[in-house]
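Participant: The structure follows.
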Amino acid sequence: MNMLSVSKFLVPHHHQSHPNPKIIPCSSSFSLVFNNKVLVNNKFRYLSMKCSNNSSTSIPSSYDGGSELFEPDPSLTNEDLKPTSPSQRTLTGFEMASLWIGLVVGVPSYYLAGSLVDLGMAWWQGIGTVVVANMILLVPLVLTGHPGTLYGISFPVLARSSFGINGAHIPTLLRALIGCGWYGIESWIGGEAIFLLLPQSLKNNSSLSSYLPWLGTSPLEFFCFLGFWVAQLGFVWRGIDGIRILEKYSAPILILLTSCLLVWSYVNAGGFGHMLSYSSRLTGSEFWSVFFPSITANISFWATVAINIPDFTRFAKSQHDQIIGQIGLPIFMGLFTFVGLAVTSSTKVIFGRVISNPIQLLGQIGGLTTCVLAIFGISLATLTTNIAANVVAPANALVNLSPKVFTFRRGAILTALLGIAFQPWRLLRSSESFVYTWLVGYSAIMGPIGGVVLADYYLIKRTCLCVNDLYSRSVHGAYYYSKGFNVAAIVALVLGILPVVPGFLWKVGIVSSVADVFVVIYNNAWFISFFSAGFLHWILSSLRSSNNKADKYDEGGESLLSS
């Protein structure tokens, strides 16, 4: 055998027959394979798998959960964490688009463009800002969805490749925490719909409608919240299949109900002239000072889903299906925010005052049939958004934390319980700016997580993962790093968050003033944290890779591997 240079990548052990020497790509490297062994660091190790970075295929041959050649570590896998099988890859582009319809149509989305008009934008500027933000977000959505479709893995498993087998708990639990908060908020909105549309005789009952300081709300409002909370559990209990069915069949119903609301406002207001009369109240410099934080807030709105989108794309039939389905996001957001703005502006003509809350608006329209449809419509819209956006990620994060203890169902139930613990009725009682503080604030966490994951997958791993190693605690595994933690990814995550902290502390009033540069950083939190963390991770990983390569050669520059 001639002198051989050390190859770039490591391949873990386990038996697989290879009668002739050949190069097998795995993770971010290649290793020399001879017979059933790999020559790495002057030692033979058994080959665990084959890996392909051919992005055109949607079902890799890299993992066989039932194969006798590989036994995944029980602490890293269960039925919910295993890569999806070909029979599970049934999500079409239409169903993916239906998912986004269910996510978009909801009370928070209804407010978006209207809130921008309240800040001084013209109606078309408000809608344009929403569309531009979601077109920007579409890029990381599609890119992060790619490994889910290619390898059939969920976000917690994907995070292992960049943060390490143990380090993956950091980004997944951060994502889960925000999801639990949103779950409580959305559940409260659903309960509010039930409360506001109850008969006045019931709401006037002093024993039920009186505010209780220790509870933070009235018993009747709290029971409405619990009623909606319990109603969601039926879909949650059915797991991802129940969520898929809910999104698929609710999409046309939501489109129909939204269209009816839009037609009603058009007819009763005599057109949309009132909305079209909204012109910008902002000067050039004032517009840009509002535009950039608004872009960040709108990106943050779905930045959580952009992180864990592999949880859904792992069920897609192909990359084409996941891409086509996700293109619907900016389209649906633009259309629905137009509906919200058009209907809200029409209330000034119809009722003599602006009613920005769709729940209160439906209560004003009156009529038994309208009330029933209103409860059904808002409940369905809140269900589809809440379950898909705020249950799947926390549930999978808990499963990843302890596969022996948690299944998807158990994780979803705990997510729902934590949603109550967040006491969303207290959160939503704060000023309206809280939502934007909340959105922009947590974008400083979502941004660097997304930046690290994408930089690692595309720039470092070049879209090629050793799936077996994602389920192995072997010290020789590609994702074991340092005791299961990738220090480079964690450092990049922390450094991506730190610059945003001063601006956040100023925004919430903890500090009275900060330098203007920190205000600018905070207003662009997602962009700065996303790109800075991704760049830092790439640099740190490249430096580590260079050091590792240097260690493989002797002082004379010759390879340590020779025949």
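Any Cβ shown, glycine's included, is placed from N, Cα and C.
Whatever TrEMBL says is automated annotation, not expert-curated.
The transmembrane segment annotation in TrEMBL covers 91-111, 176-198, 218-237, 249-267, 287-307, 327-345, 365-393, 405-423, 435-459, 480-501, 521-540.
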Participant: Under a criterion of three or more Cβ pairs within a distance under 8 Å and sequence separation of at least 6, are the transmembrane segment (287-307) and the transmembrane segment (480-501) in contact?
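Facilitator: Stretch pair does not touch.
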Participant: For the transmembrane segment (176-198) against the transmembrane segment (480-501), do we get 3 or more Cβ-Cβ pairs below 8 Å once near-sequence pairs (under 6 apart) are dropped?
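Facilitator: Counting Cβ pairs under 8 Å, fewer than 3, so no.
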Participant: Is it the case that the transmembrane segment (405-423) and the transmembrane segment (91-111) touch, counting contact as three or more CB pairs under 8 Å in which the residues of each pair are 6 or more positions apart?
Facilitator: no
Participant: Using Cβ atoms and a strict cutoff of less than 8 Å, what residues sit near the transmembrane segment (435-459) while being 6 or more residues removed from its termini?
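Facilitator: Same-chain contacts beyond the flanks: 108, 111, 115, 140, 143-144, 146-147, 158-159, 161-163, 171, 174-175, 178, 293, 296-297, 299-301, 303-304, 306-307, 427, 465, 489, 492-493, 496-497, 500-501, 504, 507-508, 522-523, 525-535, 537-538, 541.
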Participant: How about long-range neighbours of the transmembrane segment (91-111): same chain, 6 or more residues beyond its ends, C-beta under 8 Å?
Facilitator: 186, 189, 244, 246-248, 250-251, 254-255, 258, 301-302, 305, 312-313, 315-317, 320-329, 332-333, 336-337, 339-340, 356-359, 378, 381-382, 384-385, 388-389, 435
Participant: Are the transmembrane segment (365-393) and the transmembrane segment (480-501) close enough that 3 or more Cβ pairs fall under 8 Å, when only pairs 6 or more apart in sequence count?
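Facilitator: As far as Cβ distances go (cut-off 8 Å, pairs 6 or more apart), the transmembrane segment (480-501) and the transmembrane segment (365-393) do not touch.
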